[in-house]
Structures are given as C-alpha cells and as structure tokens.
Amino acid sequence: MPNEGIPHSSQTQEQDCLQSQPVSNNEEMAIKQESGGDGEVEEYLSFRSVGDGLSTSAVGCASAAPRRGPALLHIDRHQIQAVEPSAQALELQGLGVDVYDQDVLEQGVLQQVDNAIHEASRASQLVDVEKEYRSVLDDLTSCTTSLRQINKIIEQLSPQAATSRDINRKLDSVKRQKYNKEQQLKKITAKQKHLQAILGGAEVKIELDHASLEEDAEPGPSSLGSMLMPVQETAWEELIRTGQMTPFGTQIPQKQEKKPRKIMLNEASGFEKYLADQAKLSFERKKQGCNKRAARKAPAPVTPPAPVQNKNKPNKKARVLSKKEERLKKHIKKLQKRALQFQGKVGLPKARRPWESDMRPEAEGDSEGEESEYFPTEEEEEEEDDEVEGAEADLSGDGTDYELKPLPKGGKRQKKVPVQEIDDDFFPSSGEEAEAASVGEGGGGGRKVGRYRDDGDEDYYKQRLRRWNKLRLQDKEKRLKLEDDSEESDAEFDEGFKVPGFLFKKLFKYQQTGVRWLWELHCQQAGGILGDEMGLGKTIQIIAFLAGLSYSKIRTRGSNYRFEGLGPTVIVCPTTVMHQWVKEFHTWWPPFRVAILHETGSYTHKKEKLIRDVAHCHGILITSYSYIRLMQDDISRYDWHYVILDEGHKIRNPNAAVTLACKQFRTPHRIILSGSPMQNNLRELWSLFDFIFPGKLGTLPVFMEQFSVPITMGGYSNASPVQVKTAYKCACVLRDTINPYLLRRMKSDVKMSLSLPDKNEQVLFCRLTDEQHKVYQNFVDSKEVYRILNGEMQIFSGLIALRKICNHPDLFSGGPKNLKGLPDDELEEDQFGYWKRSGKMIVVESLLKIWHKQGQRVLLFSQSRQMLDILEVFLRAQKYTYLKMDGTTTIASRQPLITRYNEDTSIFVFLLTTRVGGLGVNLTGANRVVIYDPDWNPSTDTQARERAWRIGQKKQVTVYRLLTAGTIEEKIYHRQIFKQFLTNRVLKDPKQRRFFKSNDLYELFTLTSPDASQSTETSAIFAGTGSDVQTPKCHLKRRIQPAFGADHDVPKRKKFPASNISVNDATSSEEKSEAKGAEVNAVTSNRSDPLKDDPHMSSNVTSNDRLGEETNAVSGPEELSVISGNGECSNSSGTGKTSMPSGDESIDEKLGLSYKRERPSQAQTEAFWENKQMENNFYKHKSKTKHHSVAEEETLEKHLRPKQKPKNSKHCRDAKFEGTRIPHLVKKRRYQKQDSENKSEAKEQSNDDYVLEKLFKKSVGVHSVMKHDAIMDGASPDYVLVEAEANRVAQDALKALRLSRQRCLGAVSGVPTWTGHRGISGAPAGKKSRFGKKRNSNFSVQHPSSTSPTEKCQDGIMKKEGKDNVPEHFSGRAEDADSSSGPLASSSLLAKMRARNHLILPERLESESGHLQEASALLPTTEHDDLLVEMRNFIAFQAHTDGQASTREILQEFESKLSASQSCVFRELLRNLCTFHRTSGGEGIWKLKPEYC
C-alpha cells in the first residue's frame, strides 16, 4: 500500500460526476442523503481514493482501463484465532462455524493492518530515502567543491596576510566560511551514513550526533498540552463528559436549591402568605358544603362574600335557561369579577401591583402573560366561571411545587373531541391509517391510541390550560391539608435566570448542566449544538431551558430587549416526532402554546394565520424541514427569538435548500439537537456550525483546505508521519475551537446517573445460501460490473444490485417463475421471498423463534421497503403479531402506532425502515433490535439502535447487525467504522488511530466466501481488539487442561467410522436441546481464559479438547453435515473441495498472528505442529464442510424425524459432563460467585448466550460474530504519535542527564555526589544557600499539593486518576523535599522560569539558549531519570563486558521492570544512550556513547 496521494480536486470532480447520475426513486436502498443528495458512496469513493493508484475522475466520469497497480491488501484468515477447541460446544463440530471473541478478532485484524501499514510505510520510506540520498549526494558534492575552493583561496591569501591588514581580515572571514562548511560537511556525511544504513537494510538506524544534527532534527510534537493529555486537562474534560460541568467551566453546586429557597421566601413572603390564606379559605368553604363551592377568591386578603355567595346556583340553572339569559348572566358575572379585581388591588402592597396589573382579563388563558391578543368567546366564558383566579396568580408569580401528572383521560372535556375525529379532521387518508394501524394479528385496536393534540386551536389551548390550573390548585390544597411543606425552590442562575424548582429537580445532573450551558450560550448571544448521545433527553433539556426563560421574564440584549422572557420560538424536527414534541411540552410545561405547522396539525385555517398568531402570542411553532423550505417567506417575515433544529444533521449539506432556509432566521439564538453532529465528513460539521455560529469556522473553501483535507488525509492507514502529525495538530485546534459550543455526553459516561441497563451489540456474519452465492457471483462476473470497472457506467446501480442480493436474491432476480393454477402449498418454496433462500432470513427465523419463547420484543429494521414486505409475509406465515411502519405510513398514524407498540406487550415485532423509524422515535417497549442491512451512513444504524436503548428502558438491550460475509456489506461496515473514527478524531480524541485501507473500485465488486476455517475480512482487520465472540457452550466449560472424558472418547471414535454413526444418537442430542427450550441458559466462556491469553497453553490443549468435542460434533438433523460413505464430510457448496483437517491447520491459522506482530515462518509453524502429529492423526480422515444445502438438510429431516419421539423419553435426561455421559444429569452450569445485584445481569447475559448457542448450533448460516462496541471503543492512540512523544521524552531525559553529569565533580575532587538528601557535587542551585535561613514568602516554592497552572499544559506522560502516582515531567513540583520551607535562590528561580518557558518557546529557541541553561541550573527532573540512570549503570558496569551489553542481557534485566506503556520510552532512551552494531555471529550489541562512559 504505497502512499500515493490523489489531489482533492479529483475527488470533487468525481463527486460531481457521481451526482449527475439519477438514482432510483422507488428504492429506499438508493444511497443518497435527504438533505441534498450528497451520496454516501461518493464519500466512500472520495475517501478511498487515497493510495489506490486509480484516478477518481476516471472512476466516475471517463472510461479507463482496469486497475493496474500494487497488489491489494488481503487479510490472512489463518492468522486470526477462532474459538479454541476446548472452548467449543459439542454441537459446533462439523457445522463449519467460526466464533470469535471480539477483542481477539479486533486486535488480530488490526495487527495485520498495522503490519501491512508498516510494510507499506517502509516501502514508501525507502522511496523517500532514495530521493533524499540523491539530494544528500548533491549537497555533499557541492559542499566539497566549495571547501576546495576555500582552501585554494586560503593558500593564496596566507602569504600576504602578514603584510596587509585587509588581506588578514579577508583571510579570517574565509576561515570562518571554511569552518562553517566543515561543520556542514560533517552533518551531510552523518546524514549520508544514516541513509546508507536505511538503504542497506540495517535493522537499527545509526544514531547521529545530537549536537551536530540538532538544527536538522525535526522538532518533536509540540509542547504538549496535546500529545499526551495532561492531568488538569483530563479532569476538565472528564467533568464535561460526565455532565458535571459546562464547556465554559461552570459547575452546578451540589446543594443549590437551598439558597434560592431562602431568597424566594424573603422576597415574596407576603404573596406566599396571601396564597396560603386563600387556599385555606377555599378549603373551609368546601368543608362547610353550603353552596359556596364556586365562590371566587379575590386577590385581596379580605374578600367581600356577598356578591359571590350564590355563584353555583346560576350554573345549575344555566342548563335550562335560554342562550340570551345565559349570556346576560355571564356578562354580569364578568363585570363583578372585574370589579372585585380592582377592589382587591387597592389593598395590595405596592411591590405586587405591577405584577397584578399583568393579569388582564384578555390574557387569562395565556398563563405566562405573553401579550396574547386572544379574547375569550362567550362559549368559553362558562369554562372561565369555573376557574379560580388564585391559580392563575399562582402560576405566574410563585415557584411552588407542582407534581406533573397526566391529563385525566375520562370526563366530559375529552369526550367532546374523540380520537377518530382528531385523525380525520386533519389527515384525509384515514383508510391508510386504519390499514397501517391494524397490520398484524389483533391489530384492530390501533385507532384507540390517540396522538397528542397540539394547540393550533386556541379554544382547545384555553381549555387545556384551565384544567392544568385546576390541577395545580388541587394539588396545592392537598399539600396544605397534609401540612406537607415539600415545595422546591427555584433554581437560580446568573443574571436572574430561574428554572421552576419542580421542573429542575426532575432533571438528571447532566441535564441540569445542559440547561446551565444553554443559558451561558444565551448570555453570549451564541448558538450551540447539544450533541448528547441519542436517548439522553435532549428534548427535556430544551423544554426546561425554554420554560426557565419564560418563567424568569427577563429581557436580554439578544433581540434588542424586545422579548420579555421567551419570545416566539420555532422548532424544526422530522415529521415523525412532531407530536412527540407536543406531548413533551404538555407534560413538562403546559403553559406554552404549542402549535404544529403541518398537515397533521389541528389548525384548519390558513397556515399563514397560524404563523402570525404563534408569533404574536410568543408561542412554540413546531414544523418539519420540508415546511421550513416551502413556507420560508411566511416564516421569515416575523422575528423569532429561538430557532431549534431537532435532528439538526438534516442540514449537513451546506448547499441544500433546507439548509439555506434555516440559516436565514434573524436571531443569534440557534440551537441544534443531534446525537450524531458529524456523520460522514468535516464538511457536514462546518455546515452545522455555520448555522449555530456563522463565521466561527470561516468560509467553507478555507475550512476544507486548512482543516478537512489534512485531518482526513492523516486518518488513512497509509498516511505519512508528517500527515499524521499534521492531522493531529489540526484536529486539536479544531476541537479546541468548537468545544465550548458543542456539548456532547455519552451514555457510557452518564450511565450511573441514568441507571441504564446494559447493551450488548454484536455483528452476525451470515453465510450466503447457495442460490445467493450463485446470483452474487454471476452479477460480479457480468458485463455490467465490467462496464462499471472500466468507467463506462455509474456505480450506483451495481451497488444497489449487490445489496439486494445480500438481502434476498429474489429482490434482484425476481424470484422463481411459477406456472399459474398450481396450489399454494406446492409453491411454498417457489414463492417470491421464500425465507430459506436468504442466509440472513434463516438467521432471523431462528432469532425470532428463540426470542418468542423467551418473551422478548423485537424491532426489525431494514433499509428497503421491498425487504420489509418480504419480512411481513414471513411474519404472517409464522403467526407472529407485528406492526409495520415505513415511508408510506401516514404521518398522522405514526405516533399512535409507536404508542400502541410500547403499551401493548402482546405485539411481538415492529417492522420499520431505518430512516422512518430511526429519528427521535421512542420504542422502549422493545429490548431486542435487529438491523437487517447496514447503511453507508453510520449514524443511520446508530439512530435505529438507540430507539430501544434510551431513558425509560428497564431491560437489557441486545442489538444484532446482520452482515453477509465477504460481500459489499462488509465494505459498508468498514466504511462506517472509518467515519466513526474520523468523528472521534475531531470530537473526542485527536490521537484516534488510523484505519481504512484504501479500498478501490475493484474491491467493492468482489466476493470472498470464507468457510469454516477462514475468517472474515472484518475479523482480520480488527484482530486483537477483543471483538470476536466466543461460541457460548453448555459443555466443557471449565476445562483448562485436556479432560479425562475426552481420552475415553478416543477409542470409541476409532471403533465406529463416520459412516456408521447411529442416527438415534444424532437425534437425541437435538431432542435434549429442543426439550430445554428457552429455559436453557448457556454461559459464555470467560474472556480472560488462559487459553486465549497464552498461545502456548492453547496449543497444548487444543488437540485433546478438540478430540473430545469432535466425538459429538453430529448432534441433530438440522446440524448434520452430509456424511459420505468413506467417513468424510462432503462439500455441498459446489466447489468440490474440502477444508484441511482441523487438527493440523485451523488451530495454527487462528494462533498465527493473534499475539505477535510478525507472523512466524512456515517452517516454524510446520515444526511446531510436528510434535502434535501423533495426537491429531486419528481424526485426520475427517474434515469440516464449508456449506451444506438446504435440500440435503430437509432430506435428512424427513428420514430422521419419525425416530425422534421414541428416543426422547429415554435419552432426554442424560447429559454429558467433562466428556462423559452422566445418568439422570439434565444439564449443568458453571458455578459463579456473584452478588445478588448481578444475578439479573447474569440472567440476561445467559439469554443472549443461549441465542448465540442456538444460532451456531443450527445450520442457520451464521459464520461468525463480532462485538461492535469493542471495535468502536477499543481504538488505541496512533502509534506514530506515541513514537514521537516517546522520542521527545527520551531527548529531554538525555538532556537532563547530560547537564547533570557536567555539574558533577570528578573523583579527584573528593566531593560526594548529590543523592537527593546528602552530598554537594551536582546539587541543585537551591541547595547552595549560604547566606542565612531567612525566608521570603513572596518567592517561596509552592507546596507540591497545590495545583499549578502549568499542569494544564504539562508535557509529561499522562497520569490518570486511580493509576500509579508517578511524578510528572514539568509538573511544577519542587525538585527537593525541603524547598518548600527554604528560600528560593535566584538560580533556582531562573531554572523554574526556563522550565515554564520550555512549554511555550519552540525547541529551536531553547536550543539556542541551551548554554545558558547548562551554566545556570538543571531542567526539572522527569519520571524517566531513574530509569535512564539505571540503564546507564547496568550497561557501564553490570553487563558481561563493561561499557556494552547485548540485547539479550538488556532484555533479561529490564523486561520484568517495564510496563507496556514504557516500552516506547525505553527504546528511545536506549537508542540515544548507546550505539548499536552486530557481531559476526549476528548478536546485537549496545555500546555506551563516549559522553556517557
């Protein structure tokens, strides 16, 4: 993989050409962006273009010859460790199934990729070295020539210099030139030797003289707040990540509510007393029962009772009176009410008069006093007669506690507006709704679940508000009756911002921090991206913040102070979740008027009038992205206070019409809610930031040139070290720039606050069926693919076809051609979409069967509606209850479907398309998620996953991603991982490791069919990361050495050849597993199994353990491979080949590269396995099959099933333990000591293991399983950055040692050397105070426990909390133990100032001032000084030969003393301390350099 970069312009050209190709509109699988058609495949091609040797413009636009270039990187499957034989279940033998532990899989594959990267970079380095060597030769020639000329001039001038001063001065100048040239020649010569060593294949580079090459040395990675995260920076980011602090550095106090409570009581004590008196008076009147129940409470403490005593009587008579009399009475009562209000105001204190004056009769329905222009109608005045004035006053003024309760479902009010009427009023296609809601068995009751009605109808809003006011008053009276003073004080922030206490206390700590952060943005007149991971309650944080703004009623400068509290607000969201927003607003803060600007809203008049009404009453307008674009002119006509984009990544295309429409709002208060703020590339991140903070990241062309291209190029696996470091620096700068305005918390960081259940996400690699394999291969070999590869045809059609074949071959071929008139029962296998023709559907069938028995509930996602239709037919045939929602489901019926599924536990499956069901939908009723096919955009699949694993979920969630091994879906999955790594590089960790080998066009259209002994390409790429999943097993779980029972099974297998295996024995094992059903809870193998950690122990165990498991490999008709007469398993895949004997090859394949970076040679491997020849030869005659056909499987079932029942009662109780069948033993489990709180987790884990065991045990087409989270979370820092940091640390340590040695006196002086406590020679300058013990407090050294500001940018090795406390380099700590109490000498002060400046000045400036440092004081000590001294002393005095040591001696001495993290530093220290050479015998010798002898 040579480093062949391709200009960015070619990528753009390719994208333009790709975008010009039309894409099918009938398929949701068509790969395009909603926001502007920015295709994912175009991203894929543009990213893979680096290093593939093929012009992207030739790929998409012009015809070109087939690819010619270096060989592609092929992952060697033999180097990935599969399940150890001792760890395999008995049922797995003969099935051809490989199971991987996810960590091992990921590490192993990454090791292979790293090796390939290393080899490619080595080849690239050699090319660069050759060029550099030629340049050095030119410089050498030029320098030698110049030196000769200078010598001639000196020879000519020397005789005349004694007689002429001018000539003497010229001669001195020429001599200085000669000296400079000589120095330059030394450097060039040293560089030449260095390059010669590289070109000559030397294993260790010749170290140059640092003094001579100091100017040419490349500066180490900058100082270094960046290379390794400092302690203070880590603590800072940890507080932000865990939701305890905002990015601006403010934290919410632990006991914040007490202080505001006292303030509120002091400020409004009279008003609180008034409310208490009124509530008490109302309670006494109700208790008397004297028809005074509806008497009004005047605002004054003393209320004249006469005018309101008989209020309830007219209400009873009003039902009989005529309308005119009724209206007359209402007018009289209204006048009385106003008179009482004005009369009561006379007696109020002056402090309350301005507040009371806001309570205009016109705004009674508008509880927030938001300048509503609404006047109540006469029909509503009857409702107002039942309203209590004190409740409205309570709402607007006090901060009393109100427990949120759902609105009562019964009663006359709700009967007036039935759900059927709501749906039919504002969506005409009710027939489609009924059909969508009643899909599946027992689906007729879907229409009973209603959506939350919005407040487009102001009458409804007034009624809802009055009901809420009544509930508040009733609740307050109840608390007063019980003398419950549990009212929560408001949460107060800076500048008068308050959040109602009852609302704020219900937020999690990280959500409270989010509200605080939103307020800080508000004060700065800036927008922000709330990027919390999906399911962490971003909606609630926004509602709480908006409620706080409205509740505080403060004017801010952002809108020229024209809005008191909260002004009109626009919320743009996907259509699926519009009514979800309404529900949340009505639940958390009912006073808001929330209207939906959409066809599904309750407003039936012109949309323009709704926009005007909401803007004037300062309400909340919820609309969709399409309406923002369509009604852009009408909406932008008004001044909006806040614009909030839910799922704001919809505007990720900066040139899309919807993006430009959203950016035209005239307000600085812009908020984006997105769980995936960066999905594909940095261009999308720029688009989002340009909305919330225009100009923050400059213009797009400049941003792309300065940030996007360097960061992206540095993320490729074949990037040069310069590109890697450049990408790191740019990522650090970009991260620091956007950090304050992007708040992102992950579930893993706030999991303790949420009490979220565990999530288990795995990737199932499914085998293609024979028919799928044939169709796929035929298409790959077709003319269409040839034309695509030649650039004569666009790539989209080919990719879509491949994805269809992976899902189901009938989607591509159209299915079997059937004759008319044949009965349906005979056409089952020939029907379109028959499930046994798709490998993934076979897996789904097994999953659903197991989960249905366990009582789990499932979400089944697919990209394609056609695939959903096939799955729907399958579910009907299997008699499963289900619901379905796709793009054709009407907006009006989506929320009722979601609500129904969450509430009705009898519905087993919910079928959804990934895009429709993946945005903002809350489906916590399910705890199992199946993603049937992957999407190019990783956030699309992530959104689907997060539907179930979010706040409100009580059960453990299991997510299965289905991929077909060796097909285009694996390439899509790789692309997802690369995009996620790119996102992490900017948003999370700039040191994110590189990935993504440069896939080219040819590689997309290939098919690799891994068999049982082969691993998938993904498994190979991520080997060693622990992503492979071991097969769960019920037997042979605890054996570490070969079991005794296995030895006794050997003669049995020798006595009975494979052709004579009893069918009854084969069936009995399956009968047992089926009889157990869902109650069997398999236990997974321990991930810390010594067999996995120690390859040598693994090799010693494999033979006998595999022997014991091979004896019972055939366990049932569904698991049987077709056994031929000679005892070998026949191969039904059509290739006519059989895999190698598992005892000889497969174990070696899996152990080859799992633990070593360099694979052992073939000769070593063969020699290793020669010792195992006698142990393994007895089953060499047996082979595993790669695939087996469904037809042969069904043939066996027909012959074996009649014999199952008689054997069931006889053998179902006898299970095997340690390889021996124990009479009456039903089953066994591993004994585990676990606490009571861990039992439920173990049970859930056992359920997942049981599912995996069944998947692997049956011939359901599962090839292997990987753990997705281990891939995403297990990425280590980039090795180039680690090496650079290790080199820098080593240079600092050597510099400190060199200076220290210069300060020490020789042996002839007789002065003891400084030991840290005693001695004089070489002691720090601070120890040489000889002029008194006086101490100046202004210049004394701070105690080491105090936190120094330099800790934020210290450049030592990162010290994490909970880890070993080692002294940091440049930590600001004192150099000696007693310096805190002694005076600070001037030399020591200068030393500390220079140490501080070392973090700021460039290295070249430090080198220039090096002589000053040497003359004055030492650099502060580093944590590696002791190691360096120990290394030097060992090589100088303790090795076999003084002054030098062999590599073997050094390893024996230091290998046990070093941790893995110290290896890089140790290597650099050794290279700088010694020179290396090899003896004639090939032994490596390290010899101390003269200055360290």
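Every residue gets a Cβ built from N, Cα and C, even glycine.
Taking Lys191, Lys324, Lys817, Lys1054 one by one, Swiss-Prot attaches N6-methylated lysine to Lys1054. Swiss-Prot gives the label phosphoserine to one of Ser146, Ser223, Ser429, Ser1246, namely Ser429. What Swiss-Prot records as N6-methylated lysine, among Lys170, Lys175, Lys330, is residue Lys170. Swiss-Prot marks one residue of Ser35, Ser489, Ser1073, Ser1480 with the annotation phosphoserine, and that residue is Ser489. In Swiss-Prot, the feature N6-methylated lysine is assigned, of Lys181, Lys448, Lys1352, to Lys448; the remaining candidates carry no such note in the record. Residue density at Lys170 (N6-methylated lysine): 15 other Cβ atoms are found within 10 A of its Cβ, drawing on all protein chains shown.
Model confidence over the motif 'CSA-interacting motif (CIM)' (1386-1398) stands at 56, taken as the mean pLDDT rounded to a whole number. Lys170 (N6-methylated lysine) carries a helical DSSP state (H, G or I).
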